[in-house]
Amino acid sequence: MPTLGITDFWTYVLGVVFVILLPGPNSLFVLATSAQRGVATGYRAACGVFLGDAVLMLLSALGVASLLKAEPMLFIGLKYLGAAYLFYLGVGMLRGAWRKLRNPEATAAQAEQVDVHQPFRKALLLSLSNPKAILFFISFFIQFVDPGYAYPGLSFLVLAVILELVSALYLSFLIFTGVRLAAWFRRRQRLAAGATSGVGALFVGFGVKLATATLS
């Protein structure tokens, strides 16, 4: 029996868990931020991800997915902007890793001076930078909404809240994992720089993937 217009509820929850667990730029950014700057800053980044995902899900519900399909040039423009931002973040991490190798003490001092709101803004932009996420949300959610239910908006809202709750649990795990990794990496500066380089390279790869994404 559908509940609040939701069909196959537990199938949806299981699907959300698998989707959230897939490695992506949002989760990697939160992990890297918490490893570099601690729990509080990690949660600021996580809040940026939550807000960004909420905006994308709202846009999906408002029909922006149909607009993107109807206007391919809009989709192309947005995806290239998103890819450029992923490149920017990736190159920044690669440069930071190089600086850390050359002068670990100076890098640590610079990290202390970073604007505390910067991780939130970066994570928010990162979450909003993928127009294909709008298409994903609408195509994923619609499978679990009963077409005969009188209030489909309520069904969509419940599905969105469940996704955000699962995301919050997973990102919390990553934040505390990142803090533990930071303590370990502090004694191994070369390894820390290598890990940062790896994450930066992944972000560049995510940028390439987004730049070559299609509507289909």
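Just so you know, glycine gets a Cβ as well, placed from its N, Cα and C.
The model shown is predicted, which means the values in this text are computed figures rather than measured ones.
Listed features, source Swiss-Prot:
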TRANSMEM  12-32  transmembrane segment
TRANSMEM  48-68  transmembrane segment
TRANSMEM  74-94  transmembrane segment
TRANSMEM  134-154  transmembrane segment
TRANSMEM  156-176  transmembrane segment
TRANSMEM  191-211  transmembrane segment
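Contact count against the transmembrane segment (134-154) (Cβ pairs under 8 Å) is highest for 48-68, out of 48-68, 74-94, 191-211. Listed as Cβ neighbours of the transmembrane segment (74-94) (distance under 8 Å, sequence separation of 6 or more from its ends, same chain) are residues 25, 29, 32, 67-68, 122, 125-126, 128-132, 196-197, 199-208, 210-211, 213, 215.
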